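As written in Swiss-Prot, here are the features:
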BINDING   243, 245  Mn(2+) 1 binding site
BINDING   564, 566  Mn(2+) 2 binding site
CARBOHYD  123  N-linked glycosylation site
CARBOHYD  149  N-linked glycosylation site
CARBOHYD  273  N-linked glycosylation site
CARBOHYD  738  N-linked glycosylation site
REGION    139-414  region 'Xylosyltransferase activity'
REGION    415-757  region 'Glucuronyltransferase activity'
TOPO_DOM  32-757  topological domain 'Lumenal'
TRANSMEM  11-31  transmembrane segment
């Protein structure tokens, strides 16, 4: 009996071995993601298994696999009979993969860690679909911008947002009068589709926050985010608020969708402050405003405006500010201090954003803990007065990312979106209609098209501050230039002490080169009465007359001296022209005061300080009358022989191809935009002045000297390209016909004179 029991035990043990050993082996081999060397099917090592015959081994394996399959089927039937109890699995694979068979793998471990990261950031969800922004949903962005420097910063911010965006955008910009003028012109000429801009007067909001003492470098404008609920339209429900020193590295729609994650009474979306400022341990006796933990940074804010209004936000922040100012006396970080004080008292208001939505780069931040990889970056915040000079071990990477958008061609952002309906832009519609009417087979098509090209324009690129004199005699020098003429700026500033309006034709990258050049020049930085207006490059021609019109459009004095960048005016010309205004009764007559033009072929010239010195150099061959050897007709009517001995102003008559440099009233006609590049651009303007019955009066003691330079690209094309010259002639004839239609019978003389010549 004992022997029988032992025999049965051996039989059972053998049976179990035959069933479970192959089963475990099969499960091990069928693991999807762990690839290791397969175990032998018998306890023998590979050398001993080689002794077994191949046929017997194959048959044995087949039997074992069949047994394993039958065992698995039995298990499935048993499981199907067991009732399921719904539970919330904490395992990330449960929510991610539903009912899929999931094997343990290294991928699963990664998913688990990612889920933990998401939960820590407040972004975890169990089988809940992630919200998305609708294709054509408009994203609203609010920015406070004041002054010339902030206006430049806004452009870089907007570029980074436009580069990544896939949705229509609506910018709400709170500006002072300076920034409004700059940004209104910029957005108007930028013509980016599916972008709407509203401006709000910061001056009207000053009384709301001026009672708060503020030590922050942003000044009173740094407090205006507090009053957005009152400033922005009452029907606007939510908005993303951004500082001007922000750079986006992702689609802003990803941030917009976070609004869906707000719960309960959460109305503010903020990233935790990444410095120890609010911990009060940066230096001895440092006493910051109250904050929740490390506090929150207000460079990026998600505002639920409708809920804030219901919570009486205005009253809430005012009471908090008044209470804290009794002991703190002033804010150190502007609106951020007050936001944090409110949150300290009402922590339920805040929804904490993951820190990659506001990677703060200042000397005391620990922002490197927010990211391990480039893909982790969403928003970079240069929240230090040092900006790009801030200390950070990864600052070179961040700086390069910032410079990418700083120098990025903004014209490329004019791309159309994917069929989203938008309000009709009449300017864009009219432009497209005009361009469609042009004949693309016309040999002069590119010339004609250039006349209607809308160039992106950034007026007052640098700080400008000047009030015209009260006697109504003030004069602004007007000129235009490209990058290769920058070296003339300092010399002109030394010769002309009055206001200057300059239009610069530059690419985005060249504009930054110019900025660095100007900021490094003591001469240019000492002058606040020079307005620099950037017209961004587009097309193949130099839009010389557009540039002149842009510079003329920013003149705020009664008179303007229409010059060119290659000319140095005589010392004292500014005061001489102002005196001539009174002497010649310019305020009551239509006169164009002619300043005689000369030239030198020497790069180093002892500039004449008087008319006598100039005449001496003229006699010695150091100076010449301008273009005497290539274009005599251009300045011949000035009558240089008479000028040599003249002591009083004298009148001259218009002649064909006359193109003097003149001082006129600010209301004088603009230059005709059809003329681009080289040829007939000034001639046409002088012709129109004559048609409007301006008198040309030569000033006896005024002069200007043209300095030598390499030939421009456009004059080279004019000289070498026959089609260029043919198109210029065609445009000239069309201009003359247009003059006849506008000014009647008297204007026929321009066509007659030209035909005779």
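Using the three backbone atoms N, Cα and C, a Cβ is placed for every residue, glycine included.
Where Swiss-Prot records a feature, it is marked here on the structure.
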residue	record	DSSP class
149	N-linked glycosylation site	helix
243	Mn(2+) 1 binding site	coil
273	N-linked glycosylation site	coil
564	Mn(2+) 2 binding site	coil
738	N-linked glycosylation site	helix
Quiz item: In angstrom units, rounded to an integer, how far apart are the Cα atoms of residue 245 (Mn(2+) 1 binding site) and residue 566 (Mn(2+) 2 binding site)?
Solution: 37
Exercise. Would you kindly give the Cα-Cα distance separating residue 564 (Mn(2+) 2 binding site) and residue 149 (N-linked glycosylation site), rounded to the nearest Å?
Key: 28
Exercise. Out of 149, 273, 738, give me whichever of these glycosylation sites has the highest number of other Cβ atoms within 10 Å.
Key: 273
Quiz item: Of the recorded positions 243, 273, 564, 566, which one sits closest to residue 738 (N-linked glycosylation site) when you measure Cα to Cα?
Solution: 564
Quiz item: What is the one among the binding-site residues 243, 245, 564, 566 whose Cβ has the most other Cβ atoms less than or equal to 10 Å away?
Solution: 243
Quiz item: What is the separation, in Å, between the Cα atoms of residue 564 (Mn(2+) 2 binding site) and residue 243 (Mn(2+) 1 binding site)?
Solution: 39
Quiz item: What is the separation, in Å, between the Cα atoms of residue 273 (N-linked glycosylation site) and residue 243 (Mn(2+) 1 binding site)?
Solution: 15
Practice problem: For residue 243 (Mn(2+) 1 binding site) and residue 566 (Mn(2+) 2 binding site), determine the Cα separation and express it in whole Å. | Solution: 41
